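Undergrad: Relevant sequence annotations retrieved from TrEMBL are reproduced here:
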BINDING   Asn69, Met98, Tyr127, His161, Ser181, Arg182, Gly183, Asp222, Gly223, Leu224, Arg225, Glu261, Tyr288  substrate binding site
BINDING   His265, His329  Zn(2+) binding site
BINDING   Cys413, Cys416, Cys421  [4Fe-4S] cluster binding site
Amino acid sequence: MATQLEIARAGKISDVMKRTADREGVSAELIRDELAAGRLVIPANKVHVADNLEPAAIGRAVSVKINANIGASDVSSSLDGEIEKMKMAISLGADAMMDLSTGEDLDAIRERLIAECPVMFGTVPVYEVIVGRGVEDIDHKTILEVAEKQAKQGVDFFTIHAGLLREHLPLTKKRVCGIVSRGGALMAKWMVHHDRQNPMYELFDDLCDIMREYDVAFSLGDGLRPGCGADATDEAQIAELRTLGELASRAQEKGCQVMVEGPGHVPYDQIKRNMELQQDICNDAPFYVLGPLVTDSAPGYDHITSAIGGTAAAFYGASFLCYVTPREHLGLPDVDDVRQGVIASKIAAHAADVARGFGQAAARDRRLSEARANLEWDKHIAESLDPKTAQRMHEEACARSQIADSGDSADYCTMCGRDWCSVRINREVRDQF
Ligand code: SF4
């Protein structure tokens, strides 16, 4: 069976394309043409589509998507805990989930998560390859076996760290934070130990064959993404990006869908250049960025530093934002951290959609503004990106006020009080202007 890319190149429109077009409010022809050009992907493994996946598109022609990471580790969390996080993230609007579990029982965890996941599901297969063995003992045969097994299980996209080459390693020596990508660090250790090229690079054509068969999309991992502002846009990052551009073309030629991963930590003034470089080098393949975090000085608040960078990145070229939680750099996120991370990322994506004039984003803002101007609390809250939190805050404030008419029917809120409510006063006077 052909992949979505191959169907699009043949000029045909699949059921998956139609479904994504309906969700976005765009034409199926637009989805097909962007897919065929490699500017859009629909990570939709045939096994997952046949089961419970609601396919979604990632690219500049559609709304900005967000990913939430989950994953049990051998030092924290449990399968039930990760399922709770996943369900909560999806209920808040996460468009994709990545399972970054490490430790034991990865198969059981993955199977259960996919069975309960109606959105795109991604993994980093090398995490499973090292279970029960040292990094040095990773072998080519096991990499392909694990990739094939996970493809059969229904994973929609794989992060493959194939762009980090042996010759790139010396470029990281002067870095402040060195190699911060987990997959990148594992590959670097293997290459140094064996004095050989990156096995993911050597196996790239074989991985393409497996991924093409199930239509698993590539998410070409940036093993050399900058881990701090001082390392951003350096030689190592750009050298790897050039390899990722070559690999993107190779995978597309073999019929695979491809997106490319990007930084990381990037000072605000470098974000535009980073996005333009990626689009130029990778032939406009959809760009999937982690954050980017615009400052390194806010542990505990990195959902905010990444949301600031996420809006800029999505405005200038990225199509897919990986969330960051407040617990980033500090520990495994709990359910509330996941909630805050998803909401921050949704806000970043929505703000970018408003700024680039995409689809219904500005219309939603206008509906909310009209409800606010009319002091219609129920509509105002219903249109918000996190209605539960907005409702809770409003109710708490009303309860604290101890004023009988300060609830949903009141024509003011407790922020200013009735006599100082400019919105209410404006409604009284505007007809007399
Ligand atoms: S009371 Fe103040 S904050 Fe509340 S609706 Fe009126 S103007 Fe806005």
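Glycine is no exception: its Cβ is also placed from the backbone N, Cα and C atoms.
Computed from a predicted structure; not experimentally measured.
I'm curious about the neighbourhood of these features; can you describe it?
TA: Under the DSSP three-state reduction, Tyr127 (substrate binding site) is assigned to helix.
Classification of His265 (Zn(2+) binding site) by DSSP places it within a strand.
Sequence-distant contacts of Cys416 ([4Fe-4S] cluster binding site), defined as residues of its own chain at least six apart whose C-beta falls under 8 angstroms from its C-beta, comprise Ser422.
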Undergrad: Measuring CA to CA, name the entry from the binding-site residues Gly183, Arg225, Cys421 that ends up nearest His265 (Zn(2+) binding site).
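TA: Of all the candidates listed, Arg225 is nearest in space.
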Undergrad: Looking at the binding-site residues Asn69, Ser181, which one has the fewest other Cβ atoms within 10 Å of its own Cβ?
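TA: Result for the binding-site residues Asn69, Ser181: minimum number of other Cβ atoms within 10 Å at Asn69.
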Undergrad: So which of Arg225, Tyr288, Cys413, Cys421, listed as binding-site residues, have a Cβ under 6 Å from an atom of ligand 1?
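TA: Result: Cys413, Cys421.
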Undergrad: DSSP secondary structure for Asn69 (substrate binding site), reduced to helix/strand/coil, please.
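TA: SS state of Asn69 (substrate binding site) = strand.
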Undergrad: Using DSSP, would you call Arg225 (substrate binding site) helix, strand or coil?
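TA: Arg225 (substrate binding site) sits in coil per DSSP, no helix or strand.
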Undergrad: Would you count the other C-beta atoms found within 10 angstroms of the C-beta of His329 (Zn(2+) binding site) for me?
TA: 14
